[in-house]
Each structure stands twice: as structure tokens, then as C-alpha cells.
Amino acid sequence: MDFENDQLYNWLQLANLESFYPNFIKKNVSCDSFLSFTMQDYGNVGITSLQDRKKLFHLLQQLKKQTPPISNTSSPVINSNNNNNNNNNNNNNNNNNNNNNNNNNNNNNNNNNNNNNSSGLRQPTSTSSLLSNNNLMSTQTQQSSSSSSSSSLSSKSNSNSDFMQKAQQLLKQRELERQQYAKQQQQQQSTQTKYQSSLKDFDITSSNKNNNLDDFFEDDNLYSQQQQQQQQQQQQQDFEFEEEEEEEDQQQQYDEEEEEEEEYEEDFYKEDLGEIDDGNVLDISDDEPDPNSSCIIVEGSPDEEDDDVEYIPQNESLVNGFGSMKIQQQQQQQFQPLQQQQQQQQQQQQQFYQQQIQQQQQQQQQQQQQQVQQQQQQFNNFNYSGLNEEQIKYYQQQAQYQQQVQQAQQAAIQQAQQAAALAQASQQQLQQQEQQRQQASNFFLDMNEYGQRIRVCVRKRPLNKKEIAKSEKDIIEVLPKKDLIVNEPKTKLDLSKFIEKHKFTFDGVFDESANNYQVYLHTAYPLVDSIFHKGKATCFAYGQTGSGKTHTQMGQQGDGLYALAARDIFHRLETYFKDQLQVCISFFEIYGGKLFDLLNERKKLACRENELQNVVIVGLSEKHVTSPQELMNCIIDGNKIRSTGSTGVNSDSSRSHAILQISLKNIKTNKLHGKFSFIDLAGSERGSDTYDNDKQTRKEGADINKSLLALKECIRALDQSSKHTPFRQSTLTQVLKDSFVGNSRTVMIANISPNQSSSEHTLNTLRYADRVKELGTSESNSNKKPVATYNIPAPLPPPDHLKQNFNDPILIPSTTTTTTTTATAINSQQPIIQQTSQPVSKIKQPVKQQQESQIPQTPQQQQQQQPPQQQPQQQQYNIPQTPQQTQQQFNIPQTPKQQQPIQTQPPMSPPKIDFVNYHRNHVDQFADILKKELISINQFESSKGSIPLENYINNIEQFLDSKQLLINHLRGIIQQHQQQPIQQQQQQQQPIQQQQQSTPQPSQLQTPQQRERARSQLQPPKPSIYSSRN
């Protein structure tokens, strides 16, 4: 062991790492284990700095190259000696052959020691040289120990015995080296004799060079020496190149680690853990958290916190004073109604007249004040000298009288101004009432659409502050007519990126510019009327955590669905059902499959069913409320004790399902008249998305997903109209049983996130909502009786801070003429092919064309969009014409007065065609057909004769027909584009021809018989490629 420790010390000394030698001894590191060191073992020995790690790495690489793998069971010393013999033999070949083997070995060993001491780590060292160094070190230590003290005889004897053992080992090594050297010389001699014998047959005279054999041998020796030198140089270069590559790799690794640590520290100190990223929801102080609060704080990296937070749209946050979010809003006000424009003009005119009247009144007041001041100055400057006392009294009385008159006039003016202000206020009130009446008269909801049992709407939130900082893209396109497209980024097998489009259609789609009042009008407000007709209504929000569910339900400054519904319920109650019904509320949550009362200090509840199989919550407290403000105060108090916490995805995540029930009860009998339930579902999240290892948060997430899965199973059972619906699988489904059974109506608001990283969650939410929508459509198809269209009372106006941004043209009933004409015009332009196989994205037309087709258009635009194919039809068929047209047709000569100038219209620009989208759809549909062909081939081959050949051939013909249809469709579009310039030239030439025909030429006059023959020869135009397909 002493020998191995000395050897290890010498190895570390070569790399200037001898200071770490005690750590190697503590860990009992031997020479063999040292050679098998890895990067992970460096820290166990205390080597942590980058430079020391590099030195140790290069030392291990050099030692591994010098000591090849052990084949026999002999000791490592013998193997190292063999390597040394090979090195020594190579060196001896380069040196003179007359020297002895011992001298050569000694010289080589000395040279190796000197080179190692000088070059450090670049030049490889042999284990024999290390042994010689060990011997020298041992002799020096023995001499120093003998000279220092004469009492340590035992230590000397031990050191002498070690020295003898080492000397014997050296002698054995030298004998082995001599034997190997003798064998090598014999081999060289045999090769030389063979070489010389082969050279004897060489014809020297035939060669052009006048060289002797001796010169040839000398050249050969020189050539062999040069080759050896080149090989050695290449080996050294390769070795240095490998070392440089290893150094660069290590530097890159450590640089990356240092950069990650620096970024982590910068993010940690930059981020304010007490503030939400949006900067619009809360402004929490930087003090320590309150120990009495129910918020659960989970430690984690700063990058993982506040990933997705609840949001506030821009149009609401600006009014509240939170202006940090700067998101562009798409204000589409191209097609405002004429009534709104007229009202705006009238208001502007009234404001202008009022400003002029105010200016005139101010000028009159200033003039009166100037007159009063002048009179006072005259009275003050009046000279009373030379007058009696009676005269002075008389003048003073007159001055006082005039002052009283002036004061009376000023008081009358003030009274008139006050009366004018009151009149203006009353006029404004009347105008507001008229506007409200007009809005109420314009308010219209088609109950065939809004009266469905299950309606599904989607709301998209804007990108938050953190997502904008990460430069994430918005992958969701909200189209008119209740459509939605998700551009999901994907990669193919060849690592080429592409975007897969998914199209969804719902009952209502709201983009990021929509506020809570607009969402309320189209989701929850139609249900308010049903609870007054002894019905039950449910509105629940579903979506990923941080997608805006709680903001939709609660809102800010009384603009959430809770507050807006409470306003309309109490307004309807006071106007129609006063002293008949009263309002009672209950507020509870479902946390971990258990019920807790939020209005009674989280008292535990139980869910049961009565004899009529109706759900009853035992122990639930109800509070009688008389105003919307009192209702909102109860909700705020309940939310304070609701279970929330911070997760890896959202810092303020709702960890429970909160349920608010607004019940209408009869005052006399105390029986239930109607019930409205608002359900704020907890955020759905996957276990792989949670970066914290808290057991409680993972358990909460599992309970949330379990309840949502049970809800999905119930919806599926109702959709399939199965006999048994598993409402008892979860507490959530038991509570929601009334929402899906009986006289009930339900609205689901699916909240989605638009960022690219949440594409999978967004698609899962949309598919979940689409499944619920299918349930509603299946039930509506089963009940084919149409609902009578009736109008419900208009809602209350929006809150003050939402009036500026409120613009909802859907409330005004739209005429059916414009929609039908646009549809026919566009269908004539873009014929639809009967698709044999729908693509995955479910898009039959390009997105741009769908947007154009869904925008309402004026009749002029509709005429401009008519295809050019319809123009010759109007000219050729017998269409009723005006007298001017008949005159032009028969070419009747006209007087100069009758000849009117023909107004030439500029040629219409042809509509732009998006060939890329057409081609992409063509390729997608073609690929689907190819997939079906491959499937049919596999089925026919695997059937082994069970499928008849005729069916297989029929399938082939169908595939070919569908391919031909796709090809013809694309060719038709290309031909239509190529014919557009020709049609434009014809349109430009028509007015010129009409001018030429208007001149009287007797040769052009036709008889009636000729005209009849010409009409009989006229034929209708041939049908185009698309006429049969439309």
C-alpha cells in the first residue's frame, strides 16, 4: 500500500495536485480506482474548481493511454514494464545500435523524467520512469532519515527491506527487457536478409539512376526513419488535438452551467414574488405573508411561478387604473346601424349649441359686471362738496336703491341659470330614457337559438405580460359566425415544422376584446328569464388553470356574471314580482370530494337524495338578501375562506369547485320557485405540468381531474341516451344532477389560453366543450318541435366603466336579405366539392374566404362580387329593357339632342384568389385519399380471398373519380384566373362598339324577319365546370 500511495502522490505531483493527496487517502483511493475516476468522483475528493478538474482529467487521459487493458492475471507492474520495454525499443531503434541495452534503458528513463518535469501534462510518461522516481525518492528519504536521527533503527530496517524488494523488481524488469530486445533484433535480421535476397535479382543497369546498392540501403533506412518520425509527429498532433477538443467541451459545459446559474439568480432577484405578472388583478405588498391567511405558498423556481394567471381585458383594466397590459384590440365598427350614427350626430349638434349658449351667457354676465363696477366707481368718486345734508341723503338713497336693484337682477339671473341647468338635466334624463327604450325595442333574442337546453360558448383571454416577454405567439383565430381555428405547431418525421389547423364551431365565441357584459348577455342573461318561469338554470366555467374562469364569474367592480345576474334578478323581481318572491342564496365548495359551507365558517356538509331522487345538501345554510350589494358582500366573504393555493402553473389557483345558488322562493308558502346555479370549476391540469413536489397539491390535482372525468362520463351517458347515468361517481356530478335532468337549462363557458405552450390544454378544453355541444344538438334533434320565437325584457345597461367600450351589434335584429344574397354570391364564386374524405382539420375552404363570406355587405358590394360569367347571360336572354336600350338595340337614328354621352364605367378589378390555400387543401384531401387506398390494399391482401375482386375494383374506381374531381376543381380555378384578363379586355371594348353602333348607318338596319332569325339562332351559354357541382 505504501508503494501505491507513493505512486499516487507522484502522479498528483505531475499535475500540481499534491495538495489533494490527503483527501485521496481518506477515501481509500488506490491506483486502479484512480484510473477509473469519472467526473462525478471529482467532487468527492474535494476538487471543485474548473482548472483543477481540467488538470485531473488530462492526467487520467495520459495514464489510461500509457497503461493498456490487462489481459493476464499478472500484476499491473509487469504490464507497465512491457509497455516500457516497447517504448524503450522504439527509442533504441532511433538511437545508435552500438549502445548496450542497460545504457539505453537508463538514458530513456532519465530523459522521460526530465521531460515530465519540464512539459507537465503534454508528454506521456511511462510507469517504469515513475518506478525509478519512486526508487530515488525512497533512497533520499532513507538518507535523510539516517542522518537526522540515530535512534530510529526499526524504521531503517523497514525502509531497507522495501528498497531491496524494489531493486529485485527492477532487475526482473531489465531481464525481461533484454529478452524482448533480443527477439526484436532477430526479427529485424531475418527481415533484412529477406530484403537483401530480393534485391540481388534487381537489375541495376536497367535503371536510369546511377546508384549503388549501398546507396539504396541508405535511402531505405532514411526513408524508414522519416516515416517513423512522421508517425510520431502525427501521434503527438492527434493527442494534442484530442486534448484541445476535450478542453473545449469541458469549457462549454462549465460555461453553460455558469450562465444558467447567473440567469437563475437574475430572475430570482428581478421577479417580484408578491405581484401577479399581469399587474392588473392585485397589488400585494412585499411584506411577509399573513400566517392567518389560507393561502398555500409552495417553494419553487421563479421561472415556474406565475406561469398562467387570471387576467383582466384591456378595456376593463384601463378604467380600474391598471394600465400595464398593452394589448391591441380589434375594433370592428365597419357596419354600425344607421340609428346609432344619427344619434351621434344629434348629440354632437346639441353639444355645439350648448357651448354657444354658454359662451353668450358668459359674455352677458361679464358685461353686466363691468357696468356695475363702473357705476360703483362713479358713486364712490361723486363729489358731495357744496351740497346740503338733505341732498346728500337723497343721493345716497338713490345709490342704495340702485344697488338693491342690481342685486335683485343678479339673483334673478342666478335663478334663471339654475332653472336652465335643471331643464338641461331633465332633458338629458329624458334622452337617456329614450335611448334605453330604443335599446329595449332593438333588443332581440331568437329563443330557437338561446332557448336550447345546453349551450356552449368559448372565451379567449389575451396574452399576459409574461407570455409577451417570452415572445409567444397567439395561435387562436376567432372568426365571425361562431367559428374558431387553432393553429397547432407540429413537426414531421423529417423534423420539418408545419401547422395543423383545427376548426371548431360553438354557440358563441368571444375574443380577447369582449368584456364581461357582452359575455353575460349571450350566456347567463337568457337563463334569468327561465328561473322566473319555475325553471332551473346552471352556468359553469371550465378550462385550464389561469385561463380566466374566476375573472369571468367574479370580475372587477361588479362586472362579473354574479353581479350582473343579481342586478337583473332584483330588477325583474321589483318590477314584476314585488311582494310575491324573495331571494335566498347559498355558497359552498367541493374540496377533495367533500362539501364545505362558505357562509357558515366552512362547516362540513353532506349530499343526499330524497324519496323523489332529488339532490339535497344536508346542513346547507341559506341567507335572505334584499339587494345586489348585499349578495355580493356574502360572496366576497365566502371567497375569503375558499381554499386556494399556488401551484407550478398558477400562483393563485382555485383548488376547489365553488357553487353559488340563487333561489327564488314564494313569500307565503316558502316553496322553491326557481334556482340559478353558478359553478366556478377548479382549473384542470396534468401531473406532468406541476413542477412542485408538494404531496397536497398533487392530491388536490388528482381529485379535481377525477371529478371532471366523472362529469365527462355523465355527459357521454346522456349523449348516448343510456339507461343509467353515473351521477354518483363524484360529488360534483351529484350536485350537477339537477342541471342536466328535468326542466333545466345549462350554459357552459369554456375559457382557453391563446399562447403556443398551452396548445394541448386548449385543444383538450375545446374537445371537451365540443362533446357537451354534441349532447345539446342530439337532444334538440330528438325534440323536433320548434320553440316559439318570443322576446324577453331588455337587460339593465352595463356598468359605468363598461359603457365606453360596449358595442354589441348582435342585439339588433339582422335582416335576412343581406345574408342570403351574400351567400348566393359567394357560392357562385366558390363552388364546393362533395368531399369523399374530410381532412383532420375539418376545413373545407380557406380561412380568408370564410371571413369575407361572413362579413355583412351592402347591395353595391354584392353586385360587384357577381362573377363575370353572369354578364353574358343578362345580355343574351330576353330581359325587360328600358326604351333607351331598345333604341340602341335596333340602331334607330337619333337627333343630336337625343344622342346622350355614354357613361363608361371603369373595369372592375378581379377578386384575388389565394392559390396557396387552394393548393394546400388539394394536397391534404389527396393525401387522405391515398391513406384510404393503402387501407383498402391491406384489407384486400389480408382477407385472402374473402373480399371479392369486384368490390376491390369498384373501390379503385371510386378513388380515381374522387382524385379526378379534385384535379378538375383545381384546374377550373386556374383557368378562371387565366380568363380574367381576356374578360377585362372584352368589357373595355364593349363601350367602344356601342359608340360605333350608335352612328346611323343604313347598311346596318335590319328587317323584322332578319331580327327573328337572329333571335332563333341565339342559344343559352354552355354550363361551366362548376354548374353541375353547385
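Cβ atoms here come from the backbone N, Cα and C positions, even for glycine.
The following features are taken from Swiss-Prot:
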BINDING   Gly543, Gln544, Thr545, Gly546, Ser547, Gly548, Lys549, Thr550  ATP binding site
COMPBIAS  68-80  compositional bias 'Polar residues'
COMPBIAS  81-117  compositional bias 'Low complexity'
COMPBIAS  125-164  compositional bias 'Low complexity'
COMPBIAS  181-197  compositional bias 'Low complexity'
COMPBIAS  225-238  compositional bias 'Low complexity'
COMPBIAS  239-290  compositional bias 'Acidic residues'
COMPBIAS  826-839  compositional bias 'Low complexity'
COMPBIAS  849-906  compositional bias 'Low complexity'
COMPBIAS  981-1009  compositional bias 'Low complexity'
DOMAIN    3-66  domain 'SAM'
DOMAIN    453-775  domain 'Kinesin motor'
REGION    66-164  region 'Disordered'
REGION    178-308  region 'Disordered'
REGION    826-915  region 'Disordered'
REGION    981-1030  region 'Disordered'
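Shown here: features listed in Swiss-Prot, placed on the structure.
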residue: Gly543; record: ATP binding site; CB count, 10 Å: 27
residue: Gln544; record: ATP binding site; CB count, 10 Å: 25
residue: Thr545; record: ATP binding site; CB count, 10 Å: 27
residue: Gly546; record: ATP binding site; CB count, 10 Å: 28
residue: Ser547; record: ATP binding site; CB count, 10 Å: 30
residue: Gly548; record: ATP binding site; CB count, 10 Å: 25
residue: Lys549; record: ATP binding site; CB count, 10 Å: 27
residue: Thr550; record: ATP binding site; CB count, 10 Å: 25
Collapsed DSSP category at Gly543 (ATP binding site): strand
Residues of the domain 'SAM' (3-66) by DSSP state, where helix covers H, G and I: 49 helix, 0 strand, 15 coil
Assigned conformation of Gly548 (ATP binding site) - DSSP reduced to three states: coil
Average model confidence [pLDDT] within the domain 'Kinesin motor' (453-775): 86
